[in-house]
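S.K.: Taken from TrEMBL, the feature transmembrane segment applies to 7-24, 30-51, 63-84, 115-135, 156-178, 190-215, 245-263, 269-288.
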Ligand SMILES: CC1=C(/C=C/C(C)=C/C=C/C(C)=C/C=O)C(C)(C)CCC1
């Protein structure tokens with residue numbers, strides 16, 4: 001993550017942690033969804049424009065073609081969620097893990113092979129997700145069971161957490177041995193992980209997820225995307241990004257409001273919401289990874 005953002009992320013996290021000390025569970029849920037639906041969704045709302053920008057370097061693609069490819073991928077993921085939900089959930093969590101890790105570490109240019117670097121992105125992201133899940137097991141189980149429409153054992157989350165923790169310790173130790181810069185940074189990064197653990201433990205699942213997702217992922221990603229799309233960052237460029245994103249964002253919000261009023265049950269809504277999030281996250285993770293690679297080539 002660009003270091004410009006670290007201070008904003010840390011201060012915002014502590015403000016939200018302080019809020020958690022007196023907000024009721026219901027208010028945490030409302031504010032959590034407000035954050036996810038605003039900045040969280042916004043950071044993915046320009047994916048089609050990003051697709052355009054990434055493909056332009058190779059030759060122009062018609063807008064309708066890109067839109068159709070994008071919608072087909074989203075529908076395909078939703079279809080897999082319907083037919084093989086556990087498989088789809090596993091792919092979603094794995095893709096998200098890589099995506100979180102890449103956003104967090106991309107700016108650090110680790111001095112290792114591509115394979116180790118990409119594996120580290122994945123394991124770091126999965127460690128953050130596993131931490132969130134193991135500190136909120138009962139709420140997670142309710143949502144996962146609503147997605148897979150079957151029982152889900154708590155031990156699966158325990159196994160995930162312990163396996164990922166061991167892999168994370170091994171990889172981190174290895175990188176600390178071979179890379180001096182990484183060795184210098186790692187204490188600060190471990191401290192952030194401790195802050196995440198406190199946030200996830202004290203907050204409800206959605207509030208804890210929202211704090212990480214917005215302040216440690218979406219805002220830094222928005223900054224990187226604006227810099228990439230407009231060759232720099234200032235208030236005008238930010239506004240231009242928001243204007244472009246507005247129609248896509250509105251369509252998604254209206255769709256989700258529709259789903260909420262169709263079911264009016266928070267557990268079913270959570271299940272559908274995460275399936276929807278997964279359907280847009282997989283193409284999003286792919287596009288952002290391509291964006292980072294293109295920036296590196298420049
Ligand atoms: C919190 C949570 C889950 C994981 C959500 C993830 C991993 C979201 C990732 C979103 C991304 C990466 C969005 C785009 O940038 C589960 C496992 C569904 C269970 C219920 C609670």
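Just so it is clear, glycine is given a Cβ too, placed from its N, Cα and C backbone atoms.
Please treat TrEMBL annotations as automatic predictions, because they have not gone through curation.
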S.K.: Out of 30-51, 245-263, 269-288, what stretch is closest in contact terms to the transmembrane segment (190-215), meaning most Cβ pairs under 8 angstroms?
M.R.: 30-51
S.K.: State the non-local partners of the transmembrane segment (156-178) in its own chain: residues 6+ outside its ends, Cβ under 8 Å from one of its Cβ atoms.
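M.R.: Same-chain contacts beyond the ends: 110-112, 116, 119-120, 123-124, 126-127, 130-131, 133-134, 137, 140-141, 186.
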S.K.: Report the listed stretch (7-24, 63-84, 115-135, 245-263) having the maximum count of Cβ pairs within less than 8 Å of the transmembrane segment (30-51).
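M.R.: Comparing 7-24, 63-84, 115-135, 245-263: 245-263 has the most Cβ pairs near the transmembrane segment (30-51).
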S.K.: In terms of Cβ proximity under 8 Å, which residues at least six beyond the ends of the transmembrane segment (63-84) contact it?
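M.R.: Same-chain contacts beyond the ends: 47-48, 51-52, 55, 91-92, 147, 275-276, 278-280, 282-283.
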S.K.: Restricting to the same chain and to residues at least six past its boundaries, which positions have a Cβ under 8 Å from a Cβ of the transmembrane segment (115-135)?
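M.R.: Contacts of the transmembrane segment (115-135) (Cβ under 8 Å, skipping residues fewer than 6 from its ends): 93-94, 96-102, 104-106, 157-158, 160-161, 164-165, 167-168, 171-172, 174-175, 193, 196-197, 200-201, 205, 208-209, 212.
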S.K.: Please indicate, using numbers and ranges, the residues of the same chain that are 6 or more beyond the transmembrane segment (245-263) and have a C-beta under 8 Å from a C-beta there.
M.R.: 37, 41-42, 45-49, 269, 272-273, 276, 280
